[in-house]
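These come from TrEMBL:
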BINDING   A:Cys180, A:Cys187, A:Cys204, A:Cys243  [4Fe-4S] cluster binding site
Amino acid sequence: MLGQRNDNNPSLELVCPAGTPAALKAAAEAGAHSIYCGLRNETNARNFPGLNFSEKELNAGVRLAHKHGSHVLVAVNTFARAGDTHIWKRAVDAVSASGADAIIAADIAVLDYAKEKHPNLRLHLSVQAAAATPESISFYQDTFGVQRVVLPRVMSVEEIVKLNKEVTVETEVFVFGGLCVMTEGRCALSSYATGKSPNLTGVCSPPGDVSYDEDDSNLYARLGGFTIDGFGEGETAGYPTLCKGRFKAEGETSYLFEDPVSLNAASLLPRLQKAGVTAVKIEGRQRGKAYISQVVKAFRAAVDAMDAGGNAEEEVSAMLSAMTEGGRETTGAYKKIWR
Amino acid sequence: MFFKPERGLFPPALQKALGILPVPPLGFALTRAVRRLARHRPDLFERLDTYKRTHFIIDPIDIPHVFRMIPNGEHATVEMFKRKDAPEGAARISGPLIVLLGLVDGTYDGDAVFFTRDLVIEGDTDAVLALRNTMEEADLSPAEFLGFNGRPREVVDGATNKTLDHLRRLLDAPTATS
């Protein structure tokens, strides 16, 4: 049963990504407590070519996950277009019919439809809703009966501790993978460069607008014709996102917003547990089975070690080092004191 | 050691030797394998959507040949060319042969080897991503791709995996993700 964490059961729930049925199988076999995925259309925020599930695949995926004792959470977390809400309604109906354990949504129209048409479907508030205050969280809880909130990746551990004392819903936080440094659901950087909104169509830095060009031994990443970064020989590359771009400002070239690094908060798991967090989430529905399997095994080992009163930080670090963007890691905003 | 291994690349002497040999009829065998896969797993080619008609250039940078693949279901074709005769494609995927093979069998995570620059992609990024995600879902073992079943499949997979694992170590290839 989802969300059963309490004083007698302090174990963190490990929520893992799956972009394909094969990845879902890998996550379940690697020990994921919960697996999140999305349908193959613009209703979810990882709408990349060749990724995601048909309705038939979702049904089979839910059965397979349940057989392994894993829960399935389905993201329908983009914002429905006015006058064209059909595919979002159909997605919610399909999630309910699949027997999935919860739906992850951000748009108030999607949440309202789910609550009205499928009152028994558990609602999780997506990070795309950017709810980070007790007031906004209470609104979603009181209005739609939301039972869990995925917190934005811009909060420090201290802020999470404080927030958890003021809300009664479960909280879920990201602990590994790609790092959005902007307030999610409200970021328009990719829209400026490509004319396509990640919040509406589900794709940040649409691959069709991305190009990689090699010139001698340099690799240049471009988005919508804008050069985002240039990587010299031997330099590790990153995702083609503007927030991790290297730009010239006031005569100096630097990563203005954030370096091309991945979030790795494995070392903070005990603090997050103490902060009252219910679930920890791994980013990466766009990543392959090899990544899913390795990262899920590493975090499951860490969570199990904590449950046994120990610590598996070193082993987990070794298992994760090859998976990170730019080959580098950060604890993100969790330890930052600036804004 | 008679050569210094570098990120999975075949030694220069071997690369040169392969250049002297005539183009082997690998394209024919690979075409048959992809078409057989299309018959058994049509769902995979649905996942490719419109990109199944894309001309993909697969460029193992340490052998003197490149492949052009059009993964159009039961009409799929794979052709092999000498590098100097290589056609233009809509999308190009380049890397050491051992890395490209590791992407097919799931040894490597595509993003991880892209970050480390062991894999280079050029051209239609949408198409490359669709192909990558489809390969991920295919979850193919080498023997399955070649059409082996039952006990022979186990034997071929066991031998192939052992050989590739040994080659990765010998060539100092990137660390396997899985």
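For all residues, glycine too, the Cβ spot is worked out from N, Cα and C.
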Legend entry - Among A:Cys180, A:Cys204, A:Cys243, the one of these binding-site residues whose Cβ has the fewest neighbouring Cβ atoms within 10 Å: A:Cys243
Inset, instruction - Compile a sequence-ordered list of residues in the same chain as A:Cys187 ([4Fe-4S] cluster binding site), six or more apart from it, whose Cβ lies below 8 A from its Cβ; state 'none' when nothing qualifies. - result: A:Cys180, A:Pro198, A:Asn199, A:Cys204, A:Cys243
Legend entry - Listed in sequence order, residues not in A:Cys180, A:Cys187, A:Cys204, A:Cys243 with Cβ within 8 Å of the centre of the [4Fe-4S] cluster site Cβ atoms: A:Val181, A:Met182, A:Glu184, A:Leu189, A:Ser190, A:Pro198, A:Thr241, A:Leu242
Inset, instruction - Check A:Cys243 ([4Fe-4S] cluster binding site) against DSSP and tell me helix, strand or coil, would you? - result: helix
